[in-house]
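What follows is a short report on a single structure.
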Amino acid sequence: MAALQYNCDAGLAKAPTFHPSLWGDFFLTYQPPTAPQHVYMKERAELLKEEVREIVKGTNELPKLLDLIITLQRLGLDNHYEIEIDEHLHFIYNSSCDVKDLNLVSLRFYLLRKNGYDVSSDVFLNFKDKDGNFASDDIRSLLSLYNAAYLRTHGEEVLDEAIIFTRRHLEAALTSLESKLADEVSLSLQTPLFRRVRILETRNYIPIYEMEPSRNEAMLEFAKLNFNLLQILYCEELKTVTAWWKQLNIETDLSFIRDRIVEMHFWMAGACSEPKYSLSRVILTKMTAFITILDDIIDTHSTTEEGKLLAKAIDRCSQDANEVLPDYMKHFYMFLLKTFDSCEDELGPNKRYRVFYLKELLKILVRGYSQEIEWRDEHYVPETIDKHLEISRVTVGAFQLACSSFVGMGDIITKEVLDWLLTYPELLKCFTTFVRLSNDITSTKREQTGGHHASTVQCYMMEHSTTMHDACEKIKGLIEDSWKDMMQLYLTPTEQSKVVAQTVVDFARTGDYMYKKTDAFTFSHTIKDMIALLYVEPILF
């Protein structure tokens, strides 16, 4: 079968110049609050947690219940009340709802689908007039409908139409709204509520909630303390992984890679934000570091032969393989093996077996990289975007990170779950397709100036003889299809714990955030302010 041709230099990628770290050793000098301060914060938070629990238990009216649970989720407090919220969700699912109240119906639909209940979207047909338009001009109701509609699956035309209708009306009304509602509408038009990274939403929402006349003071204080305690934990983790990163001697041995250890932790914290996932975040950050280094070596720096040698060494995971590597790779490779050993110690005797999966994930990654090296050197473009994705959805690294997140989790993740994840189930295929397409839209122009293999964008352009603009527009549609695919699988009952699907969706949210406007990981100045809010600036009382 004849290969399509794409012009790039064979044998050696042209290394780009990445901007240096924006944070340097900043977090190495992090000083946590004094022990008495920390103890006070935790004790006060425990008291407030129980006070809020009484509020959660005592709320029974449907409108108040919907508002309460959504507020708890946005404040980052819902994980403290999982049992109570599950009971309330069961009640909400089995309760009748005023089918004439668009806001109420939308909030109920949003909350139930967000928590895995496969409720029908036909309920929204009740709000369409004889012309097929939604019969409402209330902005709050339209905003709720807009956010609810993004939990759509394939074939739900009423939700597709709802997004078009509400977006048009919300955009038209934006300039005439009072500032608080205008800000909320503007934010939703940029990123619908369901797709926001949860911990970043919490950091942004707490100051907004503080301005609400109807706010609950106990919930507000608990939310602030809860976030600030989490921020302390994040900074301690970041101090640990920064010290680990320094041992790689990036400045001398790997000066050409993206020096982004802070951004790596930031990304992983977005996917696994809760305190109980501390070990998972640390392991994930280290895996992200290895994936970044491998990507930058093989994709943009090494010769073809050097890249293949490194891929073979990763596949062996043996100290002997280090002997044939170029000098600049040797320390990195041995450090990789040393980190695998330390991960076994961190996981403990009952979970050390899980490091096998980290190794297997990197082996899968470099096999894909080897295929892409051949594409680059042979000037090859796969004939269809589907054939491209067979390889490129694996090499984007999202599969490796999503699976790695479960290695550091508790007993709820069994060996059977990890084995199942390695089979590359459909949910992970949909997720990694989404990340690959999102990545390619933002990075293709930059990468094609550096002798990179053809991306899915170039593949689509050549397959359909179209322009880059048209290809990107089409791929945006495929990205929306990937969200629908993920949502359908998210709502489909499986033998796996619901934490698996929830975590994959959380990773999708981080991918949407990092690739929404640019490649924010590579050009990390675009997220520096948000990183400061998450790590450096506590929420004031």
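Glycine is no exception: its Cβ is also placed from the backbone N, Cα and C atoms.
From the options 195-199, 295-299, 470-474, 510-514, the stretch Swiss-Prot describes as motif 'DDXXD motif' is 295-299.
In sequence order, Val396, Gly511, Tyr515, Asp519 make up the list of same-chain residues 6 or more apart from Asn439 (Mg(2+) 3 binding site) whose Cβ falls under 8 Å from its Cβ.
Among the binding-site residues Asp295, Asp299, the residue whose Cβ has the fewest other Cβ atoms within 10 Å is Asp295.
Within 10 Å of the C-beta of Ser443 (Mg(2+) 3 binding site) we count 19 further C-beta atoms, all protein chains included. Rounded to a whole number, the distance between the Cα atoms of Ser443 (Mg(2+) 3 binding site) and Asp295 (Mg(2+) 2 binding site) is 14 Å.
Each residue contributes its Cα atom, and for Asp299 (Mg(2+) 2 binding site) and Ser443 (Mg(2+) 3 binding site) these two points are 13 Å apart.
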